[in-house]
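Peer 1: Can you read through this structure? Questions will come right after.
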Amino acid sequence: MAGQSDPHLSLFSPSEVEFVAEDEIVEIVPNIRMEALNMICGDFGPFFPQIPSKVPLWLAVALKRRGKCTIRAPEWMTVERLTQVLDAERESPREFQPLPFHYIEISKLLFDHARDDITDAYLVRSLIEDIRDVRFHKVESGLETISGRTHAVKLKNLSAMEVNIVRPFMVRTLQAFYKHDSPQMIQQADNTGSRSTPVTDRGPRRDLRRR
Amino acid sequence: MSSWEDEDSAAASAAATTDVELLKRAWRNEKAAPEILHFDSALVSRAREQIQLLEETLDDFTDNGVDDLVVSLYQMDLDRTLFLLRSYLRLRLQKIEKYMAHIANSDDLLSRLSQQEQRFAKSCKEIMEKHLEQSVLSKLPYGYDSVTRQSLSSTEDDMVPEPQLDTFVFCKTKSDVGAFQLDDIGEEVVDLVADDLYVLRYKSIKGLVEAGRIDLI
């Protein structure tokens, strides 16, 4: 039958999600003098030693790798803030705490390239991992609540990478329920049922709806 | 006070609407939408111009012995924009290849393609039809030799792949949309609040995507 959606066409790869995250703005402290950069993606600088400046993450990482700056870890990447988030995350089993949309990718890039710029890097990292685990567990248990009556799902504060991971499961589940619950489908089943197919075919479908 | 806020929001919206930002939005929407969306030719030609300009500037830089660091940073900026543009164009070609027969049947869909894409769709369809004709269809019995129909008894084109519009997509609202009706009879209504994330049926929010009020992610 026509219309099977191609799963590969509409999926972002993890590196594509990271690519998008690399445009997030971070603060750097350069140790060199450099003219302003008038780039396609925006104008940044001029840069002076020890004067903080705001640049996209990819630019910050490029400068950092060449030893030209230190990156200031974002406000939310501190032990204190993350401990609060983790506690709140554990206390509310059905809600996600507000975190930057790209918190997973940003923290990964900073850990990979600017580890020495993060205070308590080890602790911060394990806190972020814990937060990820708790949140993902919620996503998984959230999937169980989808039923034939679900026509929309609201996922306040879910992050980009989390969306990307859960997308195939979520879309296929919703689609399967939508397809089998549509009036057309049920009518069709009734019609064919009254004509030739045995009645047993109708049983389970009815049960599903009444639930 | 209010003038300050206005300036702030104006600055924020100006910053958020660089062509790269717009191209990225178009790319993400295109990637997440099951069907082909409108081609923004103005945006693509602006992006092309900027890419060309930067390529020329980079040539000048190397001639004039500008610092390697600066050159490499500009090169990265160029590479990122090139990637976005290429990925966007390829994505559209993939969709056209997949749904060429369906697109060719509809003026509305055809009008969403650029000139080049229309030419591509047309020749792609012709070549595919010719190939199928020569390799398979000409050897099948009468009544079963159509590219678009299973047999003569089919009442509609039942062998034309179509995008599945009632699939579910992840989307983010840009501003408050308010109570939004998802179906025709008003049984399914959601309140779309600014900057929230939803999973909804593409078909019902298609209009919002086209109007740029909601972003697919």
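From the backbone N, Cα and C atoms, a Cβ is placed for every residue, glycine too.
Model, not experiment: these values are computed from the prediction.
Copied straight from TrEMBL:
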{"type": "COMPBIAS", "residues": "A:187-199", "note": "compositional bias 'Polar residues'"}
{"type": "COMPBIAS", "residues": "A:202-211", "note": "compositional bias 'Basic and acidic residues'"}
{"type": "DOMAIN", "residues": "A:13-71", "note": "domain 'DNA replication complex GINS protein PSF2 N-terminal'"}
{"type": "DOMAIN", "residues": "A:76-173", "note": "domain 'GINS subunit'"}
{"type": "REGION", "residues": "A:187-211", "note": "region 'Disordered'"}
Peer 1: Across the domain 'GINS subunit' (A:76-173), what are the DSSP residue counts per state (helix, strand, coil)?
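Peer 2: When I sort the residues of the domain 'GINS subunit' (A:76-173) into the three classes, I find 65 helix, 2 strand, 31 coil.
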Peer 1: Counting by DSSP secondary structure, give me helix, strand and coil numbers for the domain 'DNA replication complex GINS protein PSF2 N-terminal' (A:13-71).
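Peer 2: Taking the domain 'DNA replication complex GINS protein PSF2 N-terminal' (A:13-71) as a whole: 17 helix, 21 strand, 21 coil.
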Peer 1: Find the average pLDDT over the domain 'GINS subunit' (A:76-173) in the predicted model and report it.
Peer 2: 92
